[in-house]
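The next block holds one structure in the form of structure tokens; read it before the comments.
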């Protein structure tokens with residue numbers, strides 16, 4: 001299941017979404033994420049998936065690759081759905097012994113589940129279509145006004161990029177540790193859910209040690225290349241927003257404003 005996580009991975013393709021400026025994609029992802037939690041009805045949240053589907057088609061990424069990335073969320077989504085089904089008061093739809101499933105619980109559970117799916121898909125699309133270097137440069141340029149008040153903008157952008165880049169690295173490291181422990185008799189696939197969770201506890205120490213080792217190696221590599229933060233740093237390929245970038249930014253911002261103004265009517 002861990003190998004199915006696509007968050008933090010980058011797939012180099014030539015698509016309209018890949019060619020967009022990273023600032024455009026960051027702004028679109030941020031506004032979409034906020035709007036997703038402003039939408040008040042199940043119908044509006046369901047329709048919010050339409051731009052995600054259009055974006056997936058435009059990226060030219062295999063559909064099964066996107067669906068595979070959502071697979072690790074299913075346990076959390078099912079748990080969230082059950083919590084809303086069993087704890088939300090309202091008109092009873094089905095009664096299962098002492099538990100009553102309400103229509104309101106069905107609506108709330110479906111809304112929250114869809115929000116999680118669309119949010120994960122939007123964030124994954126950002127990292128799948130944007131290289132770590134471009135994402136770092138885009139975040140730094142977006143946050144550059146913060147330099148005037150002394151905020152460490154470059155360092156924040158660099159940390160965010162490294163954190164996203166390390167997600168697939170740590171997943172790969174976890175799989176290696178699990179295979180090594182399985183060869184020594186460890187069992188991660190059988191037993192109840194609680195037993196499976198407990199079996200993952202012995203992974204934490206070697207995984208943390210591996211993460212610290214990789215962080216130390218990265219720090220040494222950056223120092224060997226005379227990295228001293230963003231002061232005086234130039235870019236080989238400066239980011240320049242095209243007409244398409246401005247059009248997408250204006251369109252996304254316009255839809256976001258309309259949602260904020262008329263969310264009660266949706």
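Glycine residues also receive a Cβ, built from the backbone N, Cα and C atoms like all the rest.
Fair warning: this is a prediction, and the values are worked out from it, not measured in the lab.
Marked as transmembrane segment by Swiss-Prot: 26-46 (among others). Counting only same-chain residues 6+ beyond the ends of the transmembrane segment (26-46), those with a CB under 8 A from a CB of the stretch are 52, 107, 110-111, 114-115, 118-119, 122-123, 125-126, 135, 138-139, 142, 248-249, 252-253, 255-256, 259-260, 263-264, 266.
Marked as transmembrane segment by Swiss-Prot: 47-67 (among others).
Under the heading transmembrane segment, Swiss-Prot lists 69-89 (among others), citing sequence analysis as support.
Long-range neighbours of the transmembrane segment (116-136) within the same chain, counting only residues 6 or more positions beyond its ends whose Cβ lies under 8 Å from a Cβ of the stretch, are 6-13, 15, 17-18, 20, 22, 25-26, 29, 32-33, 36, 45, 48-49, 52, 55-56, 59, 61, 66, 69-70, 73, 76-77, 80, 157-158, 160-162, 164-165, 239. Residues or ranges marked as transmembrane segment by Swiss-Prot: 116-136 (among others).
Annotated transmembrane segment per Swiss-Prot: 151-171 (among others), in sequence order, evidence recorded as sequence analysis.
Swiss-Prot lists 192-212 (among others) with the feature transmembrane segment.
Sequence annotations record features per position, and here Swiss-Prot assigns transmembrane segment to 246-266 (among others).
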